[in-house]
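The structure is given below, and queries will be raised subsequently.
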Amino acid sequence: MSAVSQPQAAPSPLEKSPSTAILCNTCGNVCKGEVLRVQDKYFHIKCFVCKACGCDLAEGGFFVRQGEYICTLDYQRLYGTRCFSCDQFIEGEVVSALGKTYHPDCFVCAVCRLPFPPGDRVTFNGKECMCQKCSLPVSVGSSAHLSQGLRSCGGCGTEIKNGQALVALDKHWHLGCFKCKSCGKLLNAEYISKDGLPYCEADYHAKFGIRCDSCEKYITGRVLEAGEKHYHPSCALCVRCGQMFAEGEEMYLQGSSIWHPACRQAARTEDRNKETRTSSESIISVPASSTSGSPSRVIYAKLGGEILDYRDLAALPKSKAIYDIDRPDMISYSPYISHSAGDRQSYGEGDQDDRSYKQCRTSSPSSTGSVSLGRYTPTSRSPQHYSRPGSESGRSTPSLSVLSDSKPPPSTYQQAPRHFHVPDTGVKDNIYRKPPIYRQHAARRSDGEDGSLDQDNRKKSSWLMLKGDADTRTNSPDLDTQSLSHSSGTDRDPLQRMAGDSFHSRFPYSKSDPLPGHGKNGLDQRNANLAPCGADPDASWGMREYKIYPYDSLIVTNRIRVKLPKDVDRTRLERHLSPEEFQEVFGMSIEEFDRLALWKRNDLKKKALLF
């Protein structure tokens, strides 16, 4: 590689025939007149320029890299080597030590600031390089021990002769002997020692490292312990106030959450206050009975198309947002008033999807045997009739009133309504617009009841009625036998029955025949479902049927609303897993999972992304 500083005159052979002409290596044209020669190549003066900046290279130095000609400034900028000490580019002789490069004059002892003589021993103590004279006072101990330490390598055990040496772990090492004990990687920068042996950072963490339970990264330096959990000091944050924990400060650990003691106490106080009041934005109160003798109130909330009771709401985590909560002042309630046949028969059929709605009602005592129809508007569809048992005597038999074309008596308030009926409320009074699914307890029938009912009438019936005394109901003069027949041309399927023919005496529901004109309502009872009402959702594992979905379609990956199948229970996504997939995800059977505490189940569900 050479640079031609002065243009050379073209010799006479350049003006020979084209077959012997000399071509420019850059432009490919014939060289005439003054040309430059670089090694065995020829260039026009104007064609010999820097590949990077285009400056003229005829008068200055240049470098050749992969057949390209580059000026000095651009070559140093692109490919040059800097001195570790002065940060200037190195040209000419280079000194390399511990993976770093220096000018010969810049590689000096850190103590006496003198350059190292050629062939002299260099000692590196982990931070600085020292000459042989300055490194002697560093070691502590007898001169014999010092001499032995200087002569033998801590890695190979052989004598360290003239040359560079490295001081680490109170030993001297050949530069090529200071390696990771596990992978054998040469350690020329940071390392971590364990039992007097050096390890690279990756192998040390793989063998002895501790992971942070919050960020799941390895912890180096200070570590905060809470029980069996470990955290970076910056990762251990109170779930309530979001502040870090000071050194020596007490911590309250619950599941995977950590609290300041004061924050935990404040949260408990808030939880107790929340149990005694209902939020107008998140829950609605549905009366168990509208009579003055109603013994209880049942609290529901509408979440993502599902109706949740108070147990389900209490199981929801505080960090999970609740969507689609219907305001209680938007739900229409009407007094229990008897209405004409036209009001009871005018129902419109709209586009509705199947959504379950838990309904529980308690019986109300009454001293009269008369029955009147009332109105209750949770939906605009599926007008189910509920009848309640009699009063103290237990012999008052509720029955379906006979509907006729004659004008009914004036509307009056009744103290003990026993039939619940959906009136013609239209779209404006109904914000749910979903067909309810009525559920009932499956248990024993009371001893005093007669269980004989005609099997054919059971299959035809599509209305739920509180079962009274069978003989009294059959002989009741208020029951019109003509109204028990099915209208011709009406296609209805019977309600699905729970396993077993007996029901709990507290909820002695039975079936009665439909009212006249039932086929005109456009109602479809085929989706009616009988399931336990008000029972513990966990206890109803074997009673309620959960549709099986693959694990991938049930995963909740973040805190925003996730698109899940419509018919899944968002509070119990794990119930929609098959037993085999449940065992694979949680490492236990369903029965073992149900026996765990609630906080433990929620913690496992969070780790499985099903919470």
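Note: Cβ is positioned from N, Cα and C throughout, glycine not excepted.
I grabbed these lines from Swiss-Prot:
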type: BINDING; residues: CYS212, CYS215, HIS232, CYS235; note: Zn(2+) 3 binding site
type: BINDING; residues: CYS238, CYS241, HIS260, CYS263; note: Zn(2+) 4 binding site
type: COMPBIAS; residues: 269-278; note: compositional bias 'Basic and acidic residues'
type: COMPBIAS; residues: 279-295; note: compositional bias 'Low complexity'
type: COMPBIAS; residues: 363-372; note: compositional bias 'Low complexity'
type: COMPBIAS; residues: 393-404; note: compositional bias 'Polar residues'
type: COMPBIAS; residues: 473-488; note: compositional bias 'Polar residues'
type: DOMAIN; residues: 81-141; note: domain 'LIM zinc-binding 2'
type: DOMAIN; residues: 151-210; note: domain 'LIM zinc-binding 3'
type: DOMAIN; residues: 210-270; note: domain 'LIM zinc-binding 4'
type: MOD_RES; residues: SER282; note: phosphoserine
type: MOD_RES; residues: SER294; note: phosphoserine
type: MOD_RES; residues: SER364; note: phosphoserine
type: MOD_RES; residues: SER367; note: phosphoserine
type: MOD_RES; residues: SER452; note: phosphoserine
type: MOD_RES; residues: THR472; note: phosphothreonine
type: MOD_RES; residues: SER476; note: phosphoserine
type: MOD_RES; residues: SER578; note: phosphoserine
type: REGION; residues: 269-295; note: region 'Disordered'
type: REGION; residues: 336-527; note: region 'Disordered'
Out of CYS212, CYS238, CYS241, HIS260, CYS263, the binding-site residues in the record, which is closest to SER578 (phosphoserine) when you go by Cα distance?
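The answer is CYS212.
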Counting across all protein chains present, how many other Cβ atoms fall within 10 Å of the Cβ of CYS212 (Zn(2+) 3 binding site)?
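So the Cβ neighbour count for CYS212 (Zn(2+) 3 binding site) comes to 19.
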State the count of C-beta atoms found within 10 angstroms of the C-beta of CYS263 (Zn(2+) 4 binding site), not counting that atom itself.
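Cβ-Cβ neighbours of CYS263 (Zn(2+) 4 binding site) within 10 Å number 17.
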Hey, for the Zn(2+) 3 site built from CYS212, CYS215, HIS232, CYS235, who else sits with CB inside 8 A of the CB center?
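Neighbours within 8 Å of the Cβ centroid, excluding CYS212, CYS215, HIS232, CYS235: ASP213, SER214, GLU216, LYS217, ILE219, TYR231, SER234, ALA236.
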By DSSP, what is the split of the domain 'LIM zinc-binding 2' (81-141) into helix, strand and coil residues?
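Here the numbers are 7 helix, 15 strand, 39 coil.
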Which one is it: of the binding-site residues CYS238, CYS241, HIS260, CYS263, whose Cα lies the shortest distance from the Cα of CYS215 (Zn(2+) 3 binding site)?
CYS238
Calculate the distance in Å between the alpha carbons (Cα) of HIS232 (Zn(2+) 3 binding site) and HIS260 (Zn(2+) 4 binding site), and round it to a whole number.
17
Neighbourhood of the Zn(2+) 4 site (CYS238, CYS241, HIS260, CYS263): other residues with Cβ within 8 Å of the Cβ centroid, in order?
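Same chain, not in CYS238, CYS241, HIS260, CYS263, Cβ within 8 Å: VAL239, ARG240, GLY242, GLN243, TRP259, ALA262, ARG264.
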Among all protein chains shown, how many Cβ atoms are found within 10 Å of the Cβ of CYS238 (Zn(2+) 4 binding site), not counting that one?
19
When the number of other CB atoms within 10 A of each residue's CB is tallied over all shown chains, which of the binding-site residues CYS215, CYS235, CYS241 has the maximum?
CYS235
Distance between HIS260 (Zn(2+) 4 binding site) and CYS235 (Zn(2+) 3 binding site) at the Cα atoms, whole Å?
14
Mean pLDDT for the domain 'LIM zinc-binding 2' (81-141), rounded to an integer?
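Across the domain 'LIM zinc-binding 2' (81-141), the average pLDDT comes out at 78.
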Taking the Cα atoms as reference points, how far is CYS241 (Zn(2+) 4 binding site) from CYS235 (Zn(2+) 3 binding site) in Å?
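Here the two Cα atoms lie 14 Å apart.
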Where's the emptiest Cβ shell within 10 Å among the recorded positions HIS232, HIS260, SER578?
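Checked HIS232, HIS260, SER578; of these recorded positions, fewest Cβ neighbours within 10 Å: SER578.
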Using DSSP, what is the helix/strand/coil residue split across the domain 'LIM zinc-binding 4' (210-270)?
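Summed over the domain 'LIM zinc-binding 4' (210-270), the classes give 10 helix, 16 strand, 35 coil.
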How far is it from CYS263 (Zn(2+) 4 binding site) to CYS235 (Zn(2+) 3 binding site), counting Cα to Cα, in Å?
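Taking the Cα atoms only, CYS263 (Zn(2+) 4 binding site) lies 18 Å from CYS235 (Zn(2+) 3 binding site).
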